[in-house]
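Written below as structure tokens is the structure these notes are about.
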Amino acid sequence: MDMQVQRPITSGSRQAPDPYDQYLESRGLYRKHTARDASSLFRVIAEQMYDTQMLHYEIRLECVRFMTLKRRIFEKEIPGDFDSYMQDMSKPKTYGTMTELRAMSCLYRRNVILYEPYNMGTSVVFNRRYAENFRVFFNNENHFDSVYDVEYIERAAICQSIAFKLLYQKLFKLPDVSFAVEIMLHPHTFNWDRFNVEFDDKGYMVRIHCTDGRVFKLDLPGDTNCILENYKLCNFHSTNGNQSINARKGGRLEIKNQEERKASGSSGHEPNDLLPMCPNRLESCVRQLLDDGISPFPYKVAKSMDPYMYRNIEFDCWNDMRKEAKLYNVYINDYNFKVGAKCKVELPNETEMYTCHVQNISKDKNYCHVFVERIGKEIVVPYESLHPLPPDEYRPWSLPFRYHRQMPRLPLPKYAGKANKSSKWKKNKLFEMDQYFEHSKCDLMPYMPVDNCYQGVHIQDDEQRDHNDPEQNDQNPTTEQRDREEPQAQKQHQRTKASRVQPQNSSSSQNQEVSGSAAPPPTQYMNYVPMIPSRPGHLPPPWPASPMAIAEEFPFPISGTPHPPPTEGCVYMPFGGYGPPPPGAVALSGPHPFMPLPSPPLNVTGIGEPRRSLHPNGEDLPVDMVTLRYFYNMGVDLHWRMSHHTPPDELGMFGYHQQNNTDQQAGRTVVIGATEDNLTAVESTPPPSPEVANATEQSPLEKSAYAKRNLNSVKVRGKRPEQLQDIKDSLGPAAFLPTPTPSPSSNGSQFSFYTTPSPHHHLITPPRLLQPPPPPPIFYHKAGPPQLGGAAQGQTPYAWGMPAPVVSPYEVINNYNMDPSAQPQQQQPATLQPAPLSVQSQPAAVYAATRHH
């Protein structure tokens, strides 16, 4: 006999602890949940009267009969018609109330102890001579449960375990049932390092002694049956031939296998050895399945066989039936069909019922229109001839897509071979685009056009290049490299011509006529084009923050006459995703590695677009020295700029040699070598306010390239800026960059100062160089060139909160000569007088309001 440890009684069917249950259990009571349907009251009375809930409908009918006989007592407590009420109460879908509880108390001669949430019970005495009571738990949802003492539940758990063990051990004859229950429900209580076992003469394990006092008796193969469907897969039972049930199972399986072999046409001489699922001959199949992590029977069955765990079998069965009915959407004991229901119809003079679909039902439910699948037409049948579908013929609908993510995923097959392994880099392996991409599906574009801007520029250039391709082919001798690339270049050439879009303005393509001997004009390589209209024949100057802004350092002028842009503004967006700042000159300190894309040399021999050199021996490089020298020099210059050093041969091209900062240097030498279109990044003018968009003449500051500084080293800047001298002059405040700008949220009481950047010769790491240029700052003044209109007076079209530019703070003193032709060491009066401005457009109107609060 098995010896087990003492444990407190627990509930095996409750999924989560209920606070009401915990309150009752702390006081020695146990709440047994009943099915949450309309018959909960009658289930409680049937269980407490007859120890089963299966008689709940009979209890309902007895209650209705008793209330009908005692009509004079219960009629006054029922609102409305008493007969209609009794007729509805006889139906299973009508909820019972306190009136029915009183009637059944009088019927069965018992008083009631009514429990409510957080209440120890209220005794309702109908007659003092009644010796027993109904213990009912009631909540506000019109639901009733049974309440028992904990001692009663302990005895019920023992009886339940005995009943299930008799079923599985004596009827099914499964081996080692008690041991399997302990392993499944209490695996943490086993200490396999300390235990004793006993063996018989044949080597079978017959008993296990645990250190905590538990003793488990193990079964022998002759007294049990195999848990597997085919006992031949279990060496524990297949070696014993005295099993009648297993022999019958094996005989049926053997006959079935022989029939399958005959049907398939095999000779029947195949080896009959099957891979055993339980290979150990001295260990039972149940223990071997447990060792493999397989449950020999459901956990609910194991809970029912545990004497210290009570399982609410009635509630579990009802819950399973409810889930099954909800899953398969079947009518269970209900003939209340709806339109669209799939059911069976009983036709006259037919021996079997046919599957049909309800199309229409009359209001009185006397007849209905159904579509019969067998005959393929719609007929009218009586409503009583409809019957629910049997469970084996019902096929549920497909689950919605939102439930698919909860279903198990199908495992993807693993690719065999070396493709599944992590590939290692080899230097002798080079990337060939032809091996991975098709030419017809791979188009390499230098930029991404938005709204087809400047379309005529590239279309005309392609057309001119197409006309000149045959002549270039005649002039250039054939080489091995051109012979290899000629077929691919022709395919690319044909595809480019086929996918070419016709220009919208055909007259623009006829303005230029190119002769056969003349070289085609270079393509205009541009990264950004401001969204402002420009006059014909003039390309808008780039802002200093753009990659084309360092004109002093990289003087690559665009050769040829630029093509006129369209009248409306347009943009070429680069692949980097950095949008252009608003038009206007924005300061940027020091040289940076961003540079414009220069035009290639015109005397390059070859066909089609240039390609990358991939061969290790360099056989795919151009044969002409001009192209090699051009790109080699470009790489050397890029290397110097990436390391943030100045190339030795370009020192004379700079407009300055030191950082232009008067706050840190007492004196400097200014080298004037810039023109009108090439402004340095340090001495550029901040963007103007939109209020001056209607001005007709630019400020003199825009026409001057350099501004000399005040070399007064005695001046000390305080916390707040000093009062400006000669405030009526428009040149001084317009170029006064370190002047703090008032914040719009502080009403002019707070100002933003700009910090001094690091010198240009400071070494910066390459990752920092690849960052995009900083956004433009916010300047709140009214002097400057014409700007876009459309903004309100006193507002700025740019968003507040943008970071300040990295500039060198400096001042331009009044009467300082801004003319580029002047000498850098001399101060001369200004030769160009500014145009008279209105009072509202003068800088004094901007700074006076915030400085004199």
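Placed from the backbone N, Cα and C atoms, the Cβ positions cover glycine too.
Noted in Swiss-Prot for the protein shown:
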- 1-20: region 'Disordered' (REGION)
- 29-150: domain 'OTU' (DOMAIN)
- D37: active site (ACT_SITE)
- S40: active site, nucleophile (ACT_SITE)
- H143: active site (ACT_SITE)
- 336-396: domain 'Tudor' (DOMAIN)
- 396-853: region 'LC domain' (REGION)
- 460-531: region 'Disordered' (REGION)
- 460-470: compositional bias 'Basic and acidic residues' (COMPBIAS)
- 499-517: compositional bias 'Low complexity' (COMPBIAS)
- 681-704: region 'Disordered' (REGION)
- 732-794: region 'Disordered' (REGION)
- 747-758: compositional bias 'Polar residues' (COMPBIAS)
- 769-778: compositional bias 'Pro residues' (COMPBIAS)
- 783-794: compositional bias 'Low complexity' (COMPBIAS)
- 817-853: region 'Disordered' (REGION)
- 820-838: compositional bias 'Low complexity' (COMPBIAS)
| In which DSSP state, out of helix, strand and coil, do we find H143 (active site)? | coil
| Separation of alpha carbons, H143 (active site) and D37 (active site) (Å) | 8
| query | What is the interatomic distance between the Cα atoms of S40 (active site, nucleophile) and H143 (active site), given in whole Å? | reply | 6
| What are the helix, strand and coil residue counts for the domain 'OTU' (29-150) according to DSSP? | 52 helix, 24 strand, 46 coil
| query | Sorted by position, what residues of the same chain at least six away from H143 (active site) have a C-beta under 8 A from it? | reply | T34, R36, S40
| message | Let me check the 10 A CB neighbour count of the residue listed as 'active site, nucleophile'. How many other CB atoms are there? | response | 23
| query | Taking the Cβ of D37 (active site) as the centre, how many other Cβ atoms fall within a 10 Å radius? | reply | 14
| field | Helix-strand-coil residue split for the domain 'Tudor' (336-396), DSSP-based | value | 6 helix, 26 strand, 29 coil
